[in-house]
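Asks: According to TrEMBL, the protein carries these features:
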| type | residues | note |
| --- | --- | --- |
| TRANSMEM | 12-31 | transmembrane segment |
| TRANSMEM | 37-68 | transmembrane segment |
| TRANSMEM | 80-98 | transmembrane segment |
| TRANSMEM | 118-137 | transmembrane segment |
| TRANSMEM | 213-239 | transmembrane segment |
| TRANSMEM | 259-281 | transmembrane segment |
| TRANSMEM | 319-336 | transmembrane segment |
| TRANSMEM | 356-373 | transmembrane segment |
| TRANSMEM | 409-432 | transmembrane segment |
| TRANSMEM | 444-475 | transmembrane segment |
| TRANSMEM | 527-547 | transmembrane segment |
Amino acid sequence: MKLSYVLVYRRFLLVILSVLVFLPLPLVLHSKEAECAYVLFIVAIFWITEALPLSVTALLPGLMFPLFGIMPSTQVASAYFKDFHLLLIGVICLATSIEKWNLHKRIALRMVMMVGVNPVWLTLGFMSSTAFLSMWLSNTSTAAMVMPIVEAVAQQIINAEAEAEATQMTYLNESAIHGLEADDFLIEHFLVEQNSVTGTKYRTVKDHMMCKLMCLSVAYSSTIGGLTTITGTSTNLIFNEHFNSRYPDCRCLNFGSWFLFSFPLAIILLFLSWIWLQWLFLGFNFKEMFKCGKTKTVKEKACADVIKQEYEKLGPMRYQEIVTLVIFITMALLWFSRDPGFIPGWTQLFSEYPGFVTDSTVALITGLLFFLIPAKILTKTTSTGEIVAFDYSPLITWKEFQSFMPWDIAILVGGGFALADGCQVSGLSIWIGNKLSPLGSLPLWLIILISSLIVTSLTEVASNPATITILLPILSPLAEAIHVNPLRILLPSTLCTSFAFLLPVANPPNAIVFSYGHLKVIDMVKAGLGVNILGVAVVMLAIFTWIEPMFDLSTYPHWAPEIVNQTMP
């Protein structure tokens, strides 16, 4: 009974113990670095264990930094709302309109219809459409939208095969009467498994493997797609804001430059993940893949029918979808052309104020349009029975925007910015950099590999935003201490933060697909371990090949501070 009480109050006890265990740091050492380290440890433990809600923990720097005299309250508060939040608001306006008017479903179904109905290519179609949507929407929303479509297709395939099996079973029974032994064939091909969650019967082991494959392809591609744009995932946005705040003179990262280096990386990883999942669950039959011109099987016809029916339910493209698509394309073009680097961007029109216009400016311009452009006319009936128009409804309303806006992420990121500012003001960043400087004797590729593996491992048990928020204030001074271009270490670590593929609880898309009941934890561990290894390998390849000349990573940049044998008390 006593043990059960301890378990009930485990989060409360963890908070109290964490506060007390690290208390000697500020009480004994009496330095700003030690006091800031105390705050960092407390916040990191609470984020990793989720003893308190993530956004509540993010508010602790606003409480503790003024009490320790590290930063005044007004200065800490200003860190909780930055350029990142304006960019996030504009992106959420777009995502709200896309989901409200079902444009995301139309895009996904259309892309799947383009690749055909062969199961191998169908999986690639779902992965491609999911990854594309995840570039602009949150990976959680993307997975939640695509999974019902995938589930409908999978169940239709199973039902269609059941009809074919009934015919084949009749043939086998007739053959058995004539002395043929069909038992082995039946055991191998007609094993029926009962799904404990949904109650679905898998007519064959292959059908069960297909369901697992399609579920994991959605989870992984929704995460991989988010790598390609700064706005694709919260970790990219957190890194971008941290980097631009710490190195304001760089001005080398924007929507266009990020896309140029990350898109090839995502394409390679998506392709390799597709091959890995196919081989793991269904085997890789090249003859089956490229059977051009042959008659479609019953399963393929059933699959094509489901996708076609789902697309036809959407009807013709509506005015609201067209306007949303136009704004969507306009936003992307403005992002790409703002400051592409190889040619002058449209920001040259504002050359009198260099650096004033950012990606968030574009996001806000287009985001405001969603509240302005009419979506439909509102009418009312007068006392005489006449129907008259009295107002119009915009593409999205403020209430709809609020339901989509991830305020918890906004507060979490703000806490991370406050924590990073505190580390810099207190001198903890410099102290960490000096302590980590002996790592400079290791080969550079090994340093990057170690940091990438640490991040990939930590993000499996902690939330992605919390992981990157904890590590950025540590990795930045490390790069400065060993005199390496900060991008060479920070970029791989940021990308690897998204590689939470192992566990259902590692990120929301994993949890969503796991809830459909086709997968066991061991399935995700086996598949995710392979994708994690592939992800780290592709990131290492990218950072030493095409990314290196893009940002001149081989030299220590002028915009990074010079730290040479500094010592702290």
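The backbone N, Cα and C atoms fix where each Cβ goes, and this holds for glycine too.
All TrEMBL annotations are machine predictions without curation.
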Asks: I'd like to know if the transmembrane segment (259-281) touches the transmembrane segment (118-137) in this structure, counting it as a touch only when three or more C-beta pairs sit under 8 Å and are separated by 6 or more positions.
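Replies: Touching, yes - the transmembrane segment (118-137) and the transmembrane segment (259-281) meet the threshold of 3 or more Cβ pairs under 8 Å.
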Asks: Name the range, of those listed as 80-98, 259-281, 527-547, that has the largest tally of Cβ pairs under 8 Å with the transmembrane segment (356-373).
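Replies: Per the Cβ under 8 Å count, 80-98.
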Asks: Would the transmembrane segment (37-68) count as touching the transmembrane segment (409-432), if touching means at least three Cβ pairs under 8 Å and pairs must be 6 or more apart in sequence?
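Replies: When sequence-distant Cβ pairs are counted, the transmembrane segment (409-432) touches the transmembrane segment (37-68), since at least 3 lie under 8 Å.
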Asks: For the transmembrane segment (527-547), what are the same-chain contacts with Cβ under 8 Å, counting residues 6+ beyond its ends?
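Replies: 216, 220, 261, 264-265, 268-269, 272-273, 276-277, 280-281, 445, 448-449, 452-453, 456, 488, 491-492, 495-496, 499, 501-503, 506, 553.
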Asks: Can we call the transmembrane segment (409-432) and the transmembrane segment (259-281) in contact, meaning three or more C-beta pairs below 8 angstroms at a sequence separation of 6+?
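Replies: Judged by the Cβ rule, the two regions do not touch, with the required three close pairs absent.
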Asks: Test of understanding: applying the rule of at least three C-beta pairs under 8 Å (pairs 6 or more apart in sequence), is the transmembrane segment (80-98) touching the transmembrane segment (319-336)?
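Replies: They are in contact.
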Asks: Grab the same-chain neighbours of the transmembrane segment (80-98) for me: Cβ-Cβ under 8 Å, and only residues 6 or more beyond its ends, written as numbers and ranges.
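Replies: Sequence-remote neighbours of the transmembrane segment (80-98) are 62, 104, 136-138, 141, 230-231, 237-238, 240-241, 244-245, 320, 324, 327-328, 331, 358-360, 362-368, 370-371, 395-396, 400-401, 403-406, 409-411, 413-415, 417-418.
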